[in-house]
Amino acid sequence: MSTKVLDPAFQGAGQKPGTEIWRIENFEAVPVPKSEHGKFYMGDTYIVLQTTQNKGGAYLFDIHFWIGKDTSQDEAGTAAVKTVELDAVLGGRAVQHREIQGHESDKFLSYFKPCIIPLEGGVASGFKTVEEEVFETRLYTCKGKRAIRLKQVPFARSSLNHDDVFILDTEEKIYQFNGANSNIQERAKALEVVQYLKDKYHEGTCDVAIVDDGKLDTESDSGAFWVLFGGFAPIGRKVANDDDIVPESTPPKLYCITDGKMEPIDGDLSKSMLENTKCYLLDCGAEIYIWVGRVTQVDERKAASQSAEEFLASENRPKATHVTRVIQGYESHSFKSNFDSWPSGSATPGNEEGRGKVAALLKQQGVGLKGIAKSAPVNEDIPPLLESGGKLEVWYVNGKVKTPLPKEDIGKLYSGDCYLVLYTYHSGERKDEYFLSCWFGKKSIPEDQDTAIRLANTMSNSLKGRPVQGRIYEGKEPPQFVALFQPMVVLKGGLSSGYKSSMGESESTDETYTPESIALVQVSGTGVHNNKAVQVETVATSLNSYECFLLQSGTSMFLWHGNQSTHEQLELATKVAEFLKPGITLKHAKEGTESSTFWFALGGKQNFTSKKASSETIRDPHLFSFAFNRGKFQVEEIYNFAQDDLLTEDIYFLDTHAEVFVWVGQCVEPKEKQTVFEIGQKYIDLAGSLEGLHPKVPIYKINEGNEPCFFTTYFSWDATKAIVQGNSFQKKASLLFGTHHVVEDKSNGGNQGLRQRAEALAALNSAFNSSSNRPAYSSQDRLNESHDGPRQRAEALAALSSAFNSSSSSTKSPPPPRPVGTSQASQRAAAVAALSQVLVAENKKSPDTSPTRRSTSSNPADDIPLTEAKDEEEASEVAGLEAKEEEEVSPAADETEAKQETEEQGDSEIQPSGATFTYEQLRAKSENPVTGIDFKRREAYLSEEEFQSVFGIEKEAFNNLPRWKQDLLKKKFDLF
């Protein structure tokens, strides 16, 4: 590649961790200043370079080229070419991603948290400056429970629906509208966008309001929200468009790209199919990968990218299909997960391989090679350890019970046994914290391992599930476990009856350590976090010049220290000797000065190694969520993760390669909580086949709110976030805007309530009588007319809310009124129905039987939407109410009270339905959910037999339960 090919704009790119952006202007790459990062114009194309430095010190590169929806084809093509040039500057080892506006990858969006907001215009059409811009009210849809995708939609009622979350950004206030069927986690993420808009465009001073879809007990915020849309009226169903088409994942299909043609490759996918002289296309449906052999030429790589574009066009794939190009040796986890296994090579491809010409060229241009060269050794850091001074208790499994270890033996762990270790400590000013571990010796029998797990679960349950539970295997002990013992010594043999029986059955020699036996103990630790000693074979070949050893022979004990051993190791060896044989006098033997007695005890002098033991590969931590797709266990990586990515309804895996943490949210289903270790083992098996994760890696179960320091060290942890209660939306609302946005107190005094009710009735009469003689308007007419009528109606609804909500807590709610069109008549009927509801509810309420007012819930099932129908009888009732609207309102309400109460009692009853579905289809978290049903009445679609099987009672008995108790049962069985 000649010097002319490399764009000067890329000089110095990728020299330090961070984000660099270039915009394509007149077919040239122009750097974007950091102050403009995150601002993308729809008419332009951008190149984004993300440079990260792993724990080993090497640099990793991701190049994204972002294509705005209004950009020209020529600019998009220029970006693709420039991406190849930038990759050449970086040594040809970057992962490349194509990003389409509105369908960006999670990884790309993770660089610009909480979101990007594409702006109109571009280089060709000109940019609007801040001074030129007049504040414009904007309506957005907000999608995604992890990476947020924000899209501006027309500011009109027709844009709203029951399934999505919307943000209305006005000059004075920002509203978040939660569709009745919207996802709790999407609501929570939308709050982050609201805060971002408030800080960025309102200088952090505007008000924020949360409006829940379908709530008649509206407050002034909701009233003001609907006024902006011309007044309250039913909203329609969601209408799908091209942007909503999500490509389906399909079984991966591999093609070899040769001379621009794609040849399918049959058979099970394996790493051995990929040749380093060729390019391949892996079609996974929702994502297309281009795999590039590390010795392919630049022209071949360009041709492969072009072939992928032609393939997408010929297959008529949705715009949301992602295209990612990976280079051999730097494959992403998502790419490797499509193969049955991905055996680890002897080494990562050499950084120098195939780079001679490129390196020389870069040197001519003054571009350094920092991050490409091999990294320098990393100094060992002491990881976070648990607070010292706690209470340590240890038991070993003996048969079906646990036997406590005497205090003087705590720290001696036998390879043939299993142990339970409970450490109780204080962290700051909090109450007791617990670290409960099972330790499995290499020679322990399966029965003892199962017993240890059972006993640990029993202990955890007795402590109300608060302990951090760990399963730790001999030889893979983590620092925080080793640090509990001062010192820790792993000895041969075992004390348990199970081990003794297994030795007898196999007729094997029992090598159990005793103070009188001949034993050689290796001491290699240097600090409190690795002060572990291990009994090894009593032969001279076990020695190592970089370590210390204790040789026990009868009443004598030698301390042998290699020429390369440290003073810290010598001190630790002395401590271990005192632990094993208190009061023993040590005989020192330095390497090269050993006595004949020493060699005799070892069985004779032999050669031994003088090489330092290699340490495990240091890896960066990765966070994953998981799902079962068609019965197959799959994980999805969360990039640039933070504490806020841990959603309380989910389970996550934090993989550091040395340990695996399974984090369990408070709102996870109880059944899933019981299988956490089994799910974690599935992840370990998967990561073992793809990333070489050791099958005996330590694994922990960590419940939300009980995170230990050795977990939180991987996050910028805020303890206040961890103690907030509620679902994801409630937690986020409390943290960002205070608890008043989640828990509302609407209590009113008696006299004040009478006055407010009178004012509400007057407002209602005024709002409706003023327009009773006018013909019904269409939705568009109401949007175009003056806001006087809608404002009156909004004020009336707000007055009703203030007057009645504080005292209208009843055990049941009336059915949702049937929509009768978008005319003013339907609006009047809804308001009259609302008035009747609150009057009846107040009359029914008594201090003894009224349930405590719940906090304003973000669960759609807590609030009945306005637009759902019940039956034809209700429609006729609405017509009757409309006919009486010229009369005095309170008598009308009184006349309907008896009928309203009857309906209220029947609301929660399960209505007969022609269609029934299975329980698995109706569950809220179903993998194969049913569509086209009333999601607030999922239980109504169960057959009589399956209803009894799930709830344990008949439908009639269920109907007679109070509404709150029905809701509890529905939540319990995931039908809420």
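Heads up, the Cβ atoms here are built off N, Cα and C, so glycines get one too.
Mapped onto DSSP classes, the repeat 'Gelsolin-like 3' (260-302) shows 8 helix, 16 strand, 19 coil. Residues or ranges marked as repeat 'Gelsolin-like 3' in Swiss-Prot (evidence: sequence analysis): 260-302.
Residues annotated as repeat 'Gelsolin-like 4' in Swiss-Prot: 399-450.
Per Swiss-Prot, repeat 'Gelsolin-like 6' is recorded for 633-674, and the stated evidence type is sequence analysis. Mean model confidence of the repeat 'Gelsolin-like 6' (633-674) amounts to 94 (pLDDT, 0 to 100 scale).
Swiss-Prot lists 769-917 with the feature region 'Disordered'.
Taken from Swiss-Prot, the feature compositional bias 'Basic and acidic residues' applies to 782-794.
Residues or ranges marked as compositional bias 'Low complexity' by Swiss-Prot: 795-812 (among others).
Summarising the annotation, Swiss-Prot assigns compositional bias 'Low complexity' to 823-841 (among others).
According to Swiss-Prot, the feature compositional bias 'Low complexity' maps to 848-858 (among others).
Annotated phosphoserine per Swiss-Prot: S890, in sequence order.
Taken from Swiss-Prot, the feature compositional bias 'Polar residues' applies to 908-917.
Outside the repeat 'Gelsolin-like 3' (260-302) by six or more residues, the chain places 1, 81, 84, 88, 92, 246-250, 252-254, 308, 311-312, 317, 320-329, 331, 334-335, 338-343, 349, 353-354 with a CB less than 8 A from a CB of the stretch. Beyond the repeat 'Gelsolin-like 6' (633-674), the same-chain residues lying 6 or more positions past its ends with a Cβ under 8 Å from any Cβ of the stretch are 106-107, 110-111, 113, 145-146, 184-185, 188, 192, 333-334, 337, 465, 478, 616-619, 621-627, 680, 682-684, 686-687, 691, 693, 697-705, 707, 711, 714-718, 721-722, 725-728, 731, 925, 974.
With DSSP classes pooled into helix, strand and coil, the tally for the repeat 'Gelsolin-like 4' (399-450) is 8 helix, 25 strand, 19 coil.
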